[in-house]
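Accompanying notes for the structure given below.
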Amino acid sequence: MTTVVWWVRRDLRLHDNQALAAALTRARELVPLFVLDPALLAGPTSSQRRNAFLFAALRSLDAALRRRGSRLIVRAGRPEQVLPTVVRESGATLVMAEADGSPYARRRDEAVARSVPLQLVEGSTLRPLGSIRAPTGEPYRVYSQFRRAWFRLPIPSPQDILPAPPRLPPVPRLASEPIPESPLAVPERFAPSEDAARQRLQHFLAQGLASYHLRRNALDGSGSSQLSPYFRFGLLSVREAWCAAARYLDEPDAAAGARAWLDELLWREFYQHLLAAWPESARMSMQPEFRDVAWPGSNDALARWQEGRTGFPVVDAAMRQLVSEGWMSNRARMIVASFLSKLLLVDWREGERFFRRELVDGDLAANVGGWQWSAGTGTDAAPYFRIFNPVLQGEQHDPNGSWVRTWLPELANVPREYLFAPWRMPIEVQLRAGCRIGHDYPAPIVEYESARARALEWFRSVRQAQS
DNA sequence: TAAAAGTTAAG
DNA sequence: TTAACTTTT
Ligand SMILES: Cc1cc2nc3c(=O)[nH]c(=O)nc-3n(C[C@H](O)[C@H](O)[C@H](O)COP(=O)(O)OP(=O)(O)OC[C@H]3O[C@@H](n4cnc5c(N)ncnc54)[C@H](O)[C@@H]3O)c2cc1C
């Protein structure tokens, strides 16, 4: 009788799960195990928002397991203590898990592997971390080069996709702790189940993919798939999503959208590989000249950005959506990241930390990648002079203003022509709109033109000081 | 997946 | 005067 532990971490799914499939080839008994790790659930990088989603997703995974004759075993504690206990209690001879390239996960897995027979299997990325390298053996630091190399290797094929097992082996008698209740609600936008993830993918492929390249920048997020929390926790396999979207490359009407979307999956892939290759990039700028500089931005500026009270409607709407829903569109993320790191000159790591606390899809690799790109400190980043103008961005990507009004009710009656720059309202318009600047809605925290000039000057001086 | 400033030329 | 295009930050 072979008993195998399937250690679930960021792969809360039964479809196309390579770790589960590998476990099943050996198992007469299977122990689906989730460890409530205090370092992740309550540590400095934890997030109530993500915990809420995770706990709910664990409940639906447990239900799906039960429908197949299995169940989820839940244990709280440090993995290097819990795993040996469960292995001993169950008599398991093998622990299978999906590899996770984040720095903490790698340390954790090394520690666990010292006391139990742990085997890691791919699945969180399209290709194994560390497998995309230049001829010199160096990992790529530039996206376009990474992408070119990636396409030279065999791409995922629909034949590789693993179906969900219809039945699962029995679970040995083992105690299980309850899945915690979260004090925070799961955002309504993201139903926490594998079925919901799969339905959303199908819906996006049918309704959104063909126009993705045209609509992806909409500030309200209506033009993108909104699958990020599902990829974050592995309720959906990226490999399966890739193959599903790649089928549309041959359809003339959908090819351009499909290409653009697959490209975003590759950005995800790039950042996962980048963090695995340079774990220190989570804590320091990739460009050395930024490592020892003090960013001049103030704590007060940071606080006003976090609270959505900068006086720039596009920025404030985004920050309020972030805190309220735990999600915002890629366009909104780029704008507020550019605003904090360039117009306010606050260290990008402060923004990264705040995002990581609030985002339901918060992921170290993608978040650090996005922030270093936005702040211009990454190896393949936006150049320092690429500064978003929040007024123009609103005009372009929320043209009828409905997204800004959704998140800033105090601007409900502000005329459209002033919506993205309400400080330009003459006083009588302010009174008529019931929105006095500095009273009902903040005056702008900076004057855009001079903040832009200050940013250009500061970035230029940092670069010059080094060279 | 930037925006401003500068240049040119049609009207 | 302004749209289109190029250069600069
Ligand atoms: C400053 C900043 C911070 C970010 N932090 C995160 C984060 O913590 N977690 C996260 O998942 N994404 C992050 N992103 C990337 C991106 O904004 C989100 O993945 C995307 O908005 C999610 O929406 P979607 O699922 O509708 O994306 P779609 O446009 O439908 O893309 C499909 C999937 O591709 C991946 N993806 C898309 N764009 C990117 C990208 N630029 N980088 C990496 N992966 C991408 C996501 O998994 C996404 O679900 C960040 C971007 C920026 C600029």
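Every residue gets a Cβ built from N, Cα and C, even glycine.
Note: TrEMBL annotation is automatic and uncurated.
The domain 'Photolyase/cryptochrome alpha/beta' annotation in TrEMBL covers A:2-126. Each residue in the domain 'Photolyase/cryptochrome alpha/beta' (A:2-126) gets a DSSP state, and the totals come to 56 helix, 27 strand, 42 coil.
There are 18 other CB atoms within 10 A of the CB of A:Q226 (FAD binding site), with all protein chains counted. Here TrEMBL flags A:Y212, A:224-228, A:W261, A:264-271, A:361-363 as FAD binding site.
Positions annotated as site 'Electron transfer via tryptophanyl radical' by TrEMBL: A:W295 (among others). Of all the Cβ atoms in the protein chains shown, 18 others lie within 10 Å of the Cβ of A:W295 (site 'Electron transfer via tryptophanyl radical').
DSSP gives A:W348 (site 'Electron transfer via tryptophanyl radical') a helix state. Annotated site 'Electron transfer via tryptophanyl radical' per TrEMBL: A:W348 (among others), in sequence order.
Annotation comment: TrEMBL describes A:W371 (among others) as site 'Electron transfer via tryptophanyl radical'. All protein chains included, A:W371 (site 'Electron transfer via tryptophanyl radical') registers 26 other Cβ atoms within 10 Å of its own Cβ.
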Candidates near ligand 1 among the recorded positions A:Y212, A:L266, A:E269, A:W295, A:W348, judged by a Cβ under 6 angstroms: none
Between A:Q226 (FAD binding site) and A:W371 (site 'Electron transfer via tryptophanyl radical'), the C-alpha gap once rounded to whole angstrom: 20
Secondary-structure category, per DSSP, in which A:W261 (FAD binding site) falls: helix
Candidates A:W295, A:W348, A:W371 (recorded sites) - the one closest to A:L266 (FAD binding site) by CA: A:W371
Closest of A:W295, A:W348, A:W371 to A:E269 (FAD binding site), Cα positions, recorded sites only: A:W371
